[in-house]
Amino acid sequence: MAESWSFLDTFEPNFTPLVVIELAKGTKEETIEWFTKRIVDKKANGGAQLLVKPLVTENGDENTYLVGASHLRLLLGAETVGLVKECNDNSMRTFTYSSRKTFKDFADDNQNFLTMAECQYIIKHELENLRAKDEKMIPGYPQAKLYPGKSIVRRLLTSGILVQIFPLHDREELKKLRHSWYGRVKVGYQPLDEIRCYFGETIALYFGFLEYFTFALIPMAVIGIPYYVFAWEDYDKYVMFATFNLLWSTVILEVWKRICAIMTYRWGTLLMKRQFEEPRPGFHGVLGINPITGREEPVYSSIKRQIRIYLVSLPFVCLCLYFSLYVMMIYFDLEQWALDYHEENESNFSSLMLFVPSIIYAVVIEIMNRIYRYAAEFLTSWENHRLESSYQNHLILKVLVFNFLNCFASLFYIAFVLFDMKLLRQSLATLLITSQILNQFAESLLPYWLQKRHKKRMKKRICSLKTDTDLSLVEQVNLEKEMGTYFGTFDDYLELFLQFGYVSLFSCVYPLAAVFAVLNNITEIYSDALKMCRVYKRPFAEPTANIGVWQLAFETMSVISVVTNCILIGMSPQVNALFPDSKMDLILTVALVEHLLLAVKFIMAFVIPDKPRDIQIKLAKLEFESLEALKQQQMKLAAESLKE
């Protein structure tokens, strides 16, 4: 590939803007000149060999730049990042420029061989890999220190010189996607392949999981309705429903792994090799040498990080958990007050007042979850994790522990301390429905309304703009600059995780939970699609092969649901009547059943393969061909050395 860079020219007659770079107002000219020069410089000189064009605003400031690349440059970049494309023989292989003719739909004049999302991902990768050479600081900013190997873009971001980098929307493609995705109400599957081509694999995989989870909930909803109508107080009839729930939760998670493997193989990300992780932008420390790469980079003591985690973060999380339990006890005091008020008055108003404490508590839970999220992000950043994956794992662990306790502690207390099944049903229903309404409003409706208002104001400003630049492009860039930033699928998966808990943990008490979950998820698909297309900037595509740590989180929740449902069934009067003389026999029986169900779950998880047989064969075949090619290369080198 090194030979290919030598004949690559930065000139491109038909410049197509793909990525927007916004610098801070008042950025010094020498900084802009140095940064843009590094972007357009040849790879041999340490540049990114991309194309840059300034976007002139109404006041003449040039703090916004459009970045693109030639078709050849993008093809070479596709090889650098290890994109996997479909070959003419229908197999999936890592793209190489030298073997480009063997890939399906490739032609020298076919500009659509790479999707726009892939092109933007390549540009992002090249920009992030712009590294300092001999510079000791960013020109014009002596306080912004540099050292050999430091990412220039990350230093500009942390120094406040670079405001943001984001990919542009393709308005024509977005219009088509909106029409096929949520433009009309229909019963059918989402256009996941089109979503993947436009937004990338990570977001497409989330919508695929949301769709799959919604369909998987339908059997639970269908079975739950007659149980709710005909067997409300008859707990022994719930044994079959709870057993079905437990097996269902295992099967859907294992089947999802297979569906996920099929999709990601088709998209090529199942085969993409994991690249060596660079230090995350917020990581800081004294300058040292990485023993693996040999490059200079910040070094931070792992002992200091562990001290921060166990002596600061852990006590803070425990304090937050204690506060959550304290708020929960206030909620039970309100419940008692509402019950006493109803017994004294017994009117329609007093009946409605019985639901008020649960509604207030549900709102408080959502507020506490959001406040804690900010605190968890601050603490995890302060812990100074070197890798982004480590940062995400610690953040997810903090948030999941608090959200689980905050959302479900009251239900566990009602079920296993108060033994009040009627209050448990009422609280579960109120928490589930209220949280769904609040999430829909906070995540989609409110941002959409605010964005619509801002768009009207921005269009009025754009109409008065006088410039030779393409007016539609100026309007688009200025509109998208002010749009909200989509920070990833974390909150979306968290919402589904909590919903899964509401459905599975206490299924034998409130079978209608699945019904409300299905109704919520149907609207969630449309509201999230609207959010992605109309509210937020276009996020950069991020290749991924699965839903990551969330798969483990859902599996853990399904194991906990086995325990809770077995205990609830064991507490029912009908089951207690079978053991009138010995409570120990009841406890042992419940424990035995619980262990048997867990055993069945783990056996099913072992028996159901994570990948379909045909994909296993294709992956094994590719591995075999790679080993054979490596052997041939080694034999060729050995033969050449013998000749010498």
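Note: Cβ is positioned from N, Cα and C throughout, glycine not excepted.
What TrEMBL says about this protein:
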DOMAIN    195-621  domain 'Anoctamin transmembrane'
TRANSMEM  212-232  transmembrane segment
TRANSMEM  238-256  transmembrane segment
TRANSMEM  309-332  transmembrane segment
TRANSMEM  352-372  transmembrane segment
TRANSMEM  395-416  transmembrane segment
TRANSMEM  496-519  transmembrane segment
TRANSMEM  586-608  transmembrane segment
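The highest tally of CB pairs under 8 A with the transmembrane segment (395-416), across 212-232, 309-332, 352-372, is held by 309-332. Within the same chain, the transmembrane segment (238-256) packs against the transmembrane segment (586-608): three or more Cβ pairs sit under 8 Å, each pair at least 6 residues apart.
Taking every listed stretch (212-232, 352-372, 586-608) in turn, the largest tally of C-beta pairs under 8 A with the transmembrane segment (496-519) is reached by 212-232. Using a Cβ-Cβ cut-off under 8 Å and counting only residues 6 or more beyond its ends in the same chain, the transmembrane segment (352-372) has close neighbours at 320, 324, 327-328, 331, 334-335, 337-339, 341-342, 399, 402-403, 406-407, 410, 426-427, 430-431, 434-435, 438-439, 442.
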